[in-house]
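Engineer: One structure, as structure tokens, below. Some questions next.
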Amino acid sequence: MADEDDPAEVPSEGGPNEASGPTPGEGSSGDAPASDPTAAIALRLIDMPIEDELKESYLTYAMSVIVSRALPDVRDGLKPSQRRILVAMNDLNLGPGSQRVKCAKISGDTSGNYHPHGESVIYPTLVRMAQEWNMRALLIDKQGNFGSIAGLPPAAMRYTEARLSPVAALMLEDLKLDTVPFVPTYDERSTEPVVLPSKFPNLLVNGSGGIAVGMATSIPPHNLGEVCRGVVALLDNPEISIQELMEHIPGPDFPTGGIICGRSSVARGYMTGRSTITVRARTSVEEAGKKTRIIIHEIPYQQARDRVEERITTLAADGKISGIAAVHNHSDLNEPVRLVIDLKRDADADVVLNQLYKFSSIQETFSVIFLALVDGKPRVLNLKEMLQEFVRHRFTVIRRRTQFLLARARKRKHTVQGLLLAHANIDEVIRVIRSSTTQPEAKQRLIEIKVPSSMLERALGDVGYGQFIAERGAAEDYSLTPVQADAILRMTLGQLVNLEQEKLVDEHSTLLTEIGEYLSILGDDARIYGIIRDDMLELADSRHADARRTQISHEELGDVDLEDLIEEETMVVSISHEGYIKRTPATAYRTQNRGGKGIKGAKSDEADPVEHLFVTSTHDYLLFFTNQGKVYWQKVYNLPQLARDAKGRAVVNLLNFGEGEKIADCRALRDLHLEDHYLMMATRNGLVKKTALKAYSRPLKSGIISIKLREGDELVDVALVQPGDEIVLSTAKGMAIRFSEADARPTGRNTSGVKGIGLGKGDYVVGMVPAFPGATLLTATANGYGKRTPFGPNADGGQEVEGVEDVERVEAAEGEDENSSSSHRYRTQHRGGKGLRDIKTTDRNGGVVGVVRVDDDDELLMMTAMGKVQRIKASDINVIGRNTQGVRIMSLDDGDQLMAIVRVPKEEGDAAPVEEA
């Protein structure tokens with residue numbers, strides 16, 4: 001096996017003189033030609049487990065992404081790509097006062113000199129630093145199309161121009177004063193700074209976001225003035241708590257404004273480094289005559305205005321938010337965000353606004369993850385730690401700057417002293433230079449010139465001369481040092497002749513003062529912290545520190561219940577034979593007299609008649625029972641709200657139905673956890689099953705089993721019952737049986753039930769209704785006839801007639817006629833019998849299509865196969881006996897027939913306005 005440490009240096013078999021490989025014509029092992037490339041490849045094979053290689057390679061990749069791409073440095077708040085762009089612009093001298101240049105030039109220089117990842121990666125980074133809706137303090141001063149808050153893309157880099165902003169200049173200030181370390185660039189032709197000096201805490205001011213390997217950062221932007229005052233507070237009191245810091249930095253300040261809901265989530269993020277804050281759009285409600293409008297003035301951070309508008313328009317069109325009439329975009333240059341939402345006349349602005357918060361992007365959550373690189377390693381910090389790291393960085397920058405300035409001042413002082421020595425004997429200096437044939441000769445002869453100490457003392461003064469003696473020592477005369485001689489030789493003869501002693505002495509005195517100041521700063525850490533404090537106060541009061549844009553609401557936003565967002569409203573829900581569902585406000589159907597033809601309720605489609613029609617509330621649950629014995633649930637407000645003549649939307653788009661699955665029955669309920677409440681189910685073949693309601697309170701998206709159906713059977717009706725209730729089963733041929741719910745013992749969901757009614761040939765169950773004393777049972781037939789019959793008291797009737805085989809024998813055994821008192825009620829029997837005659841199903845009437853329990857104050861809603869809907873008062877239908885034909889309750893067109901009938905309770909019926917058909 002080849003040497004893994006240095007596989008490229010494996011010697012050949014030819015010995016030391018042939019270490020570079022076999023000679024032409026020879027094989028490396030005696031049988032392979034030297035020209036065979038596979039021979040060289042074989043020498044470089046490394047035999048190692050692939051899992052070890054993957055671990056090492058992936059770790060290298062991960063660290064590269066973490067350190068060199070995705071995460072910002074805690075000191076200057078920049079990622080490498082951002083930092084390199086600013087450095088490249090600084091190299092081009094693109095300061096705030098310079099002329100802007102093409103972004104293509106900036107991107108090219110950045111890519112060529114510092115960031116070899118292509119201009120297509122660099123330009124979007126540059127663009128973002130110039131967008132005022134993304135950056136709280138702009139780093140790029142732009143010209144041209146750099147996109148917009150509407151979500152429009154920027155122009156190509158060849159059209160746009162840019163330069164550094166004044167704030168970016170603050171980040172680059174003192175970069176050339178050795179304030180930060182430099183490292184070689186990717187091609188080692190130059191060097192680049194590891195970090196920028198950054199005079200302000202850019203990480204907090206502009207925030208940052210990025211996804212690395214196994215970690216992510218998400219730091220919201222803050223107000224520059226507040227952050228600077230927070231740094232001052234930390235410097236004044238290093239033991240300050242985060243709660244006290246929040247008096248200066250109350251929370252994020254997004255460039256797009258908005259409202260932060262609650263302070264607790266902000267405090268949690270500041271204390272732990274992780275949180276989730278909720279940001280809402282800033283809105284107002286305006287009354288314009290009879291119209292009400294919701295105006296959106298500001299949108300949450302990083303949301304595109306046009307996408308917000310599009311989402312709201314879609315929600316209104318789909319009926320998800322029912323109170324919106326229209327959405328208009330009135331945004332312009334003066335007001336970049338102004339979305340006007342016109343409400344419908346009867347809409348409640350608060351309800352619509354809460355729905356917008358819930359369903360649209362005018363309310364968004366912002367994940368706070370204060371993750372940054374600290375000493376090259378990723379670390380989650382709290383607010384105080386972030387400020388401390390910035391202070392530590394500025395301390396280092398100021399110390400290094402002072403050290404650099406001190407060294408430069410000392411060097412210049414040394415030069416000035418040499419110039420003073422030369423000036424004291426200027427004629428000799430000029431003579432030596434002019435008479436020397438080479439520069440080394442002139443340098444040596446200059447060094448040999450002696451200047452009496454008395455002349456130097458007169459020139460420098462007591463203080464300057466004392467400092468000079470402290471450095472050079474006391475002597476009768478002094479000569480130039482090699483460094484001073486070089487400085488004089490670099491000057492022209494004219495410059496030497498024009499040397500002015502007074503100016504040199506003043507400069508020397510100034511340098512001595514500066515050196516003393518620098519030494520004082522370096523000798524006292526408190527001086528450095530004082531400089532940081534002064535810088536922060538200056539920035540906090542500067543024009544760069546504008547007013548806060550984001551409001552922080554003290555009202556905590558808890559988990560919003562959808563019921564609080566949806567206005568409660570009575571709805572008529574209809575489901576067609578083919579599975580199209582819709583909800584329509586009950587107010588859309590006017591009340592008519594019995595026998596009318598109704599109004600248009602759905603588009604006429606004889607091939608897809610309405611099968612289920614019921615009245616419920618937007619806050620109710622809908623339990624969908626399917627032909628395959630499963631149940632699903634959905635909130636009524638999640639159903640599509642459409643006009644009364646609309647076809648509806650496919651229910652399979654709302655529920656995760658299986659193949660061949662369709663709705664058999666629906667039940668609307670408000671609470672699925674009621675104790676001592678049961679769902680009684682009836683099948684087409686006469687079986688009934690009772691199961692506790694709470695067994696259906698947690699259905700899955702894929703549905704849960706509701707009843708175990710026997711072959712050839714299907715579910716037709718479901719009723720909610722309590723202990724002591726009685727139910728009535730009705731059949732298509734006009735039979736009905738009443739029995740106590742206690743006759744069917746409770747069973748689990750996955751059971752098939754027991755016999756509820758004995759059916760005659762060709763008969764089947766069409767409905768089931770709980771019996772209520774004092775109420776009536778309305779029976780409706782296909783040809784538009786119906787009747788009401790009192791239920792009668794519970795559990796006081798005679799026993800079922802045993803052994804009767806047909807209806808005639810039932811009636812004969814009971815000795816009933818149409819005028820007898822027993823024919824005016826439904827007596828209680830045991831389940832499983834044939835029952836009693838409810839209504840005559842003659843050719844005039846047709847078969848029974850539905851039964852409902854009604855009171856005198858109720859109203860009824862009926863729908864035909866052709867889509868016509870009629871709403872009538874229950875009291876308009878006569879109360880008559882069981883064994884009768886009934887009266888006409890709805891006039892039908894030729895070929896049409898009644899398909900469904902539902903009860904509208906008094907409280908909803910009274911609220912329904914009368915409208916013309």
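Yeah, the Cβs are placed from backbone N, Cα and C, and that goes for glycine too.
Model, not experiment: these values are computed from the prediction.
According to TrEMBL, the active site, O-(5'-phospho-DNA)-tyrosine intermediate annotation covers Tyr159. Positions annotated as compositional bias 'Basic residues' by TrEMBL: 824-834. As annotated by TrEMBL, domain 'Topo IIA-type catalytic' applies to 71-565. What TrEMBL records for 1-36, 811-841 is region 'Disordered'.
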Engineer: Where does the mean pLDDT land for the domain 'Topo IIA-type catalytic' (71-565)?
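Structural biologist: Residues in the domain 'Topo IIA-type catalytic' (71-565) carry a mean pLDDT of 91 in this prediction.
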Engineer: Sorted by position, what residues of the same chain at least six away from Tyr159 (active site, O-(5'-phospho-DNA)-tyrosine intermediate) have a C-beta under 8 A from it?
Structural biologist: Gly144, Asn145
Engineer: DSSP-wise, what's the residue breakdown of the compositional bias 'Basic residues' (824-834) into helix, strand and coil?
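Structural biologist: Secondary-structure breakdown of the compositional bias 'Basic residues' (824-834): 1 helix, 1 strand, 9 coil.
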Engineer: Per DSSP, to which secondary structure element type does Tyr159 (active site, O-(5'-phospho-DNA)-tyrosine intermediate) belong, with helix, strand and coil as the options?
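Structural biologist: The residue in question, Tyr159 (active site, O-(5'-phospho-DNA)-tyrosine intermediate), is coil (DSSP, three-state).
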